[in-house]
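I have placed the structure first, in the form of structure tokens, so that the comments after it can refer back to it.
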Amino acid sequence: MSSSLYIGIMSGTSLDGIDIALVDFATAQPQMLASQFSPMPESLRQDLTQLMQGNTTLQQLGEVEHRLSLCYIEEVNKLLTQTNLSPQQITAIGCHGQTVWHAPQCEFPFTMQLVDGNLLAAKTGITTITDFRRKDMAYGGQGAPLVPAFHQAIFAHSACFTVVLNIGGISNITLLPPNGSVTGYDTGPGNTLLDNWIQLHQGKRFDENGIWASQGTVHQALLDHCLREHYFQQRPPKSTGRELFNLSWLQQQLSHFPDIPAVDVQATLLELTVQSIVQQLPIPETHVPAQLLVCGGGARNPLIMQRLQALLPQWQVCTTDDKDIDSDFVEAAAFAWLAYQTMQHQPGNVPEVTGASRAAILGAIHLADTF
Ligand SMILES: Nc1ncnc2c1ncn2[C@@H]1O[C@H](COP(=O)(O)OP(=O)(O)OP(=O)(O)O)[C@@H](O)[C@H]1O
Ligand SMILES: CC(=O)N[C@H]1[C@@H]2OC[C@@H](O2)[C@@H](O)[C@@H]1O[C@H](C)C(=O)O
């Protein structure tokens with residue numbers, strides 16, 4: 001009988017690092033047994049940033065994928081050591097890899113996540129599943145977001161309207177009406193514009209606790225202009241990324257408003273993240289309690305959490321930590337769950353979310369050589 005233990009690995013659009021989680025699917029409620037985060041090595045982060053701006057060579061692409069895969073392998077081996085487990089005790093790894101380009105709307109839609117699943121299977125000795133998004137795309141879907149099915153499995157609540165909000169580099173929501181069908185989509189920027197702007201002006205990777213943003217004043221005309229971005233008005237299914245919300249996009253908005261102090265731009269970008277999320281939330285029925293469960297790195301920003309609650313006085317706004325699910329590792333756990341689904345020959349996508357024509361078994365399986 002195969003083990004109920006799975007490992008999920010996620011490195012997301014913020015390029016902050018690698019999240020890994022050990023999840024047990026022995027019972028109806030998945031249990032996160034261990035997790036760890038390692039910062040992305042600086043040279044690799046810089047090379048990935050270059051890649052994500054589209055200027056690269058196939059040689060660089062191949063080498064970055066190999067270097068990144070070696071980092072994933074190191075994380076798996078560290079986790080096995082930390083938990084005193086052998087590779088044979090893990091049924092499979094679900095590794096998202098690193099998205100370097102996501103283009104679901106172009107003439108020939110595609111999405112590209114870098115990871116060499118063969119290398120992970122060979123070097124960890126654990127069956128490894130990668131390439132989760134493209135089966136959904138093969139059926140006409142966006143290929144993202146994929147976490148809503150997992151959110152439904154662990155957060156759905158029969159007595160209240162639950163929205164799960166991931167604030168990563170990009171923000172995405174999952175709508176879980178009581179006893180209703182799950183929907184979800186990317187709302188737009190999460191931390192990525194905030195990160196890019198503080199990196200440009202202060203050389204920091206991110207605005208810890210939103211301190212810099214809190215020292216600025218929101219520039220209302222700039223905010224109103226940014227909120228007119230077509231993406232925010234688009235009807236779901238929809239997904240986005242740094243292909244749209246990047247420094248070039250920001251500088252295009254700023255060109256209409258010269259001389260805004262950098263600190264006020266940071267304050268305005270935080271308000272843009274919050275208001276673009278709030279404007280895309282449904283208005284729950286008055287008699288149904290509503291809860292917003294926040295995860296991802298943005299859940300660690302007290303100013304974002306405070307502004308969300310201020311703009312949503314009728315909602316209970318909290319983090320998934322308050323529901324005993326570590327807000328830093330929800331995405332990593334989701335990819336352990338997606339691997340579990342695939343190994344059970346069950347679908348991982350939600351067609352109502354991605355627009356795919358059907359539910360589908362996701363991923364490419366790289367079997368460990370345990371013969
Ligand atoms: N203490 C903190 N204060 C403010 N921001 C924080 C803090 N901790 C993390 N963050 C923000 O969270 C970001 C990382 O979030 P996360 O790991 O969820 O993103 P990701 O998974 O890479 O993105 P995505 O979900 O879009 O793929 C950091 O880049 C930073 O902007
Ligand atoms: C193409 C891609 O990597 N998209 C990410 C990104 O990061 C957040 C949001 O945009 C989400 O749609 C998605 O990741 C999560 C894990 C998802 O697929 O649900």
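Placement of Cβ uses the backbone N, Cα and C atoms for every residue, glycine included.
Sequence-distant neighbours of Ile18 (ATP binding site) (same chain, 6+ apart, CB under 8 A from its CB) are Ile9, Met10, Ser11, Phe37, Ser38, Met40, Cys71, Tyr72, Glu75. Under DSSP, Ile18 (ATP binding site) is assigned to a strand (E or B) in the three-state scheme. Taken from TrEMBL, the feature ATP binding site applies to Gly12, Thr13, Ser14, Leu15, Asp16, Gly17, Ile18, Asp19.
Ranking the binding-site residues Gly12, Gly17 by how many Cβ atoms sit within 10 Å of each one's Cβ puts Gly12 at the top. Around the Cβ of Leu15 (ATP binding site), the number of neighbouring Cβ atoms within 10 Å comes to 20. If you take the C-beta of Thr13 (ATP binding site) and look for same-chain residues 6 or more apart in sequence within under 8 angstroms, you find Thr99, Gly168, Gly169, Ile170, Thr192, Gly241, Arg242. Checking the binding-site residues Gly12, Thr13, Ser14 against ligand 2, the ones whose Cβ sits under 6 Å from it are Gly12, Thr13. The Cβ of Asp16 (ATP binding site) lies under 8 Å from the Cβ of Pro39, Met40, Arg205, Phe206, Gly297, each of which sits 6+ residues away along the same chain. Compute the center of the Cβ atoms of Gly12, Thr13, Ser14, Leu15, Asp16, Gly17, Ile18, Asp19, which mark the site for ATP; besides them, the chain residues with Cβ within 8 Å of that center are Met10, Ser11, Met40, Gly168, Gly169.
In sequence order, Gly168, Gly169, Gly190, Asn191, Thr192, Asp195, Phe206, Gly297 make up the list of same-chain residues 6 or more apart from Ser14 (ATP binding site) whose Cβ falls under 8 Å from its Cβ.
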